[in-house]
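Peer 1: Here you go, one structure.
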Amino acid sequence: MNTTPRISAHAVQPNLSPLPRVRNIIAIGSGKGGVGKSTTAVNLALALAAEGARVGVLDADVYGPSIPTMLGLSGRPDSPDGKTIEPMRAHGIEAMSIGLLVEQDTPMIWRGPMATSALTQLLGETRWGGQDGGLDYLVIDLPPGTGDIQLTLAQKIPVAGAVIVTTPQDVATLDAKKALKMFEKVQVPVLGLVENMAVHVCTSCGHAEHIFGQGGGERMAATYGVPLLGSLPLEIGIREQGDAGTPIVAAAPASTAAVAYRELARNVIAELDKRPRAAMPISASLL
Ligand SMILES: Nc1ncnc2c1ncn2[C@@H]1O[C@H](COP(=O)(O)OP(=O)(O)OP(=O)(O)O)[C@@H](O)[C@H]1O
């Protein structure tokens, strides 16, 4: 197996101050809620790490943070200097979430600007890659939709590319198109789509069913001229492992689903490779 990491570094939008230790920020968005955005974000992050990269994940879903549960994280992150926060670690990747800073049952009753400012602070004040000499990829799990938070974050954070998650269902692709348009409007390159819950194979009889419809992701990708980066099955193991805090890429790396996430990760890297290179190599930007 070739384990040589193929790490990309890309130009970011002008006028945005890049995070000094982060080479590529990948935003994971969706139009509709519940389509599997967080599940995709954590498994993609782990799959990128399995390709040999140093990876972090930021849970930007302030109103429904699920990354701590999906990564099996508990407790509070450390702040040795009282100014910056150490990211927490799980399954070989770094993670930060508003959910790690508040009680689990505390609702975030914040208006858009407050949530956005809390998130940009969380992003900037976390010592990403502090122990590993930097991160190759920081995966940001955005809240669903195209509201104030997503828009402001997309404008404020130097995102190398966005990945849009949808199910094949019309109501989901319709909203995914809005997310795609939003990224285009704020000049964040759309790397492509992920079609989640594309097919369900019965564990008893092997019958394949397209519960949420068939070909929706492919059609949308063709219509908008963006790649279909991956197609994930609707599978009980993906749900169970997410709930258990050991996502399927970590728990069952040889499973069909994990192999599909690894392919997604390689496609994301390949898409980033097609973008213009950043002027500064990571070794220099880390100085
Ligand atoms: N491919 C899959 N197979 C089976 N279950 C899945 C799959 N993808 C996601 N799920 C499950 O669907 C539910 C919603 O997934 P997830 O929380 O990742 O969605 P989301 O789009 O991030 O939701 P939200 O809008 O709340 O942020 C979870 O219970 C998750 O375990």
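Glycine too: its Cβ is placed from the backbone N, Cα and C atoms.
In case it helps, TrEMBL gives these features for our protein:
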- G31, K32, G33, G34, V35, G36, K37, S38: ATP binding site (BINDING)
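Relative to the rest of the structure, where do these features sit?
Peer 2: Same-chain residues at least 6 positions away in sequence with a Cβ under 8 Å from that of K32 (ATP binding site) are, in sequence order, P144, G145, T166, T167, V171, A172, D175, A176.
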Peer 1: Pick from G31, G33, G36: which of these binding-site residues has the biggest number of other Cβ atoms within 10 Å of its Cβ?
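Peer 2: The largest 10 Å Cβ neighbour count belongs to G31.
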